[in-house]
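Asker: The structure follows.
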Amino acid sequence: MIDHNNIIIGNSINSKTFSLIESVKNGKLKECIGYLEKIRLQNPSLDLGEIINSGDDCGNTALHWACYKKWYDIVKYLLSMGADPNIANTDELQTPFQWACIGGDLHIVKYVLNNGGDPHLQDKRGYNSLIHATQYNEISVVRYLLDKGGVNVDSPDFLQKTSLHWAAYQGHTQLLLFLVNKGADINALDSLGRSPLHWAAFKGNSDPIKALCDFGSKTMEKDSNNQSPSDICSSQNHNYLAHFIKTFNYHPFRKVGPLLYNIFWIIFAILLQLYFGFIFYHFTLIPALILFGASLTCCKLFIEPITLSNSPNPLLPTWMITSFTVSFVYYVRYVVPAFPNIILTHTITLFVYSSYYYCAFKLFFSDPGTVSSSTTSQDSKDFINAVEKELEIPEVCSTCLINKPIRAKHCRTCKRCVARFDHHCAWINNCVGVNNNLLFIILLCLFSLAYIISVTFNFKLMSIDENSPLYSEGKMEWWTYHYSTYKGLILFTIYKSFIMAWLARLLYVQITGVINNVTMFELMKPPKGSKKKCCNHAPQDQNNNNNNNNTTTNNSSSSSSSNNNSTGTNNDNNNNNNLGTSSNESGQSNCNIDQHNDHDGQSSEPLLNEVSIQIRSENGVEEDDDDENNKNPSNKSFNKNSRDLDPTQTNFRDSILIPKRTNNNENPYDKGSRENIREFLYDTSKWFRTTTFSNKNF
């Protein structure tokens, strides 16, 4: 025991005279230096390392807090003064390096690792640094630990849960994809005999479930309670997901090749359009509309179950080409014979139609700007180099494992990264990116021009009918005559007018996007907020502990009672999500979590703590180890609201309305209309390059 002017008592710090940890929490480097230098000058023989490595009431040292609070300069100073990066706290046996991984500052993780931090150490639950980073959705830290730290991607905790189990349980889809593509075992079983798919099913995380099924996870695997993932979904009232898992391997098109799949949808689209044409042509308007609505409902019920999600589908492109072909055949069959003398106009019209076909088919099969995935190993080296030299960290594609260039986006439908991603267009069954965006705009212009020509000649054709009543003599008589005489022509014109109204809006967005240098994806995606941490790990002052203990204990009781989830068996205990703190044997309260809102700086209510499950060896019952007061549980909560998935394919409502930009920040790519247009036309190669790394300011 060291007792130097009451600075240290045992292994804890006397808060009346010692201010190092509080100074570190507040990021006051000068106070830290001044305090330690004062002690050095007053007591040259005193071991400063022992002071620095002394902990608070929970055993957290100054380096713990500096790593978690992301005070990079303080971390460097403490390590230079002899701070131990592998000293475990008394509460959870977690090291400063593990707190650095939780904090998420990759440069701090790098620095602590290079100064002796051990990424393989485990806390009292068996969580190593990789599992901690996974729980907090720190994909860059996970990538660094795998590429540089040498951590095994399948390293388990004491309950045999791997990082993939935790990513599936937490709903971190992008991180899950990254781990699988880095070689994680999708069928690894924990002590309950559960795979990652079981835990994704337990929480009802739809995107991880679909991703794991696509990767080939065993959907019928039984756990120690004889429950499959679909059984667990059913017990948690996730009935849709239970049906999805149960029928995944029995999908009618999942085992056939893409050729038969595409042929089916092409034939179906042609027959469906002919059927709708037959309805409107042979029935009067009201019965036709009723039959049309009923047919659409049947199609929806039929199409959705047999459509492969996130897979290219030629249904809409075939529909578009068929519609245009009908218009072209009508023009050649009726318009050209009716107006044989305007040869130049017919020539221009045929050129427009043929150009449209050329552009459409080229868009169907063209490369929108795929970012090559053949540089994965080099990208990994570039990533490590950026971290080691403290440059800007490149963003990784969790599927392609490449450093994504700026404005690039991975399309889940096309399964590739697209440079300067604009959107995935279901009507061309392809992405719109840097290579084909101009061609896409030309296609819209050609369709608009063909529509104007078609409508003009349609009305001219009706006007030369000698039996037609004059419009001035009666509007109703005029419309009745032409609807009965030219029923197909009028219905098709109305149909094309609806399409043209939407395409005009789309063309407007595309042109203004070029002028303002903004893509449709950037217009439609939600604004990115500041990155939030799910908990602060900050113990409150000792004076506040007694006041807050009763409140947090009451919150814990109510939360536990309202958040119990059961898998529906006697061997599966309830999973209790506990809030706040518990009391230890001495009657003193444990370190409470001081939650902060990163957006406005105001304190918020603590988040629900996730469960760490252990098995009772004597009876095999699943138990929440946080329920027992004497175990001094960690007050850790994880980020449960994953914001990983940005849509790559717009829904029908967004396609029609195309909302205005929701991000109020200035567009960083807008250089003025003239420069934007020049860049769009000529400077396309820049979007294939990874962001030019710059020095990071700390």
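The backbone N, Cα and C atoms fix where each Cβ goes, and this holds for glycine too.
Reproduced below are the annotations present in Swiss-Prot:
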- 543-584: compositional bias 'Low complexity' (COMPBIAS)
- 585-594: compositional bias 'Polar residues' (COMPBIAS)
- 631-640: compositional bias 'Low complexity' (COMPBIAS)
- 395-445: domain 'DHHC' (DOMAIN)
- Asn517: N-linked glycosylation site (CARBOHYD)
- Asn549: N-linked glycosylation site (CARBOHYD)
- Asn550: N-linked glycosylation site (CARBOHYD)
- Asn554: N-linked glycosylation site (CARBOHYD)
- Asn555: N-linked glycosylation site (CARBOHYD)
- Asn564: N-linked glycosylation site (CARBOHYD)
- Asn565: N-linked glycosylation site (CARBOHYD)
- Asn584: N-linked glycosylation site (CARBOHYD)
- Asn635: N-linked glycosylation site (CARBOHYD)
- 58-87: repeat 'ANK 1' (REPEAT)
- 125-155: repeat 'ANK 3' (REPEAT)
- 192-221: repeat 'ANK 5' (REPEAT)
Asker: Report, as a single number, how many Cβ atoms besides its own are within 10 Å of the Cβ of Asn517 (N-linked glycosylation site).
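Answerer: Excluding its own Cβ, the number within 10 Å is 21.
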Asker: Could you give the number of helix, strand and coil residues in the repeat 'ANK 3' (125-155) as assigned by DSSP?
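Answerer: Per-class counts: 16 helix, 0 strand, 15 coil.
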Asker: Cβ under 8 Å, sequence separation of at least 6 from the ends of the repeat 'ANK 1' (58-87): give me the contacting residues as numbers and ranges.
Answerer: 11, 20-21, 24-25, 27, 29, 32-33, 36, 48-49, 52, 94-97, 99-100, 102-105, 107-108, 111-112, 115-118, 121, 537, 539, 590-591, 698
Asker: Averaged over the repeat 'ANK 1' (58-87), what pLDDT does the predicted model reach?
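Answerer: A mean pLDDT of 93 is what the predicted model shows over the repeat 'ANK 1' (58-87).
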Asker: Return one of helix, strand or coil for Asn517 (N-linked glycosylation site), based on DSSP.
Answerer: coil
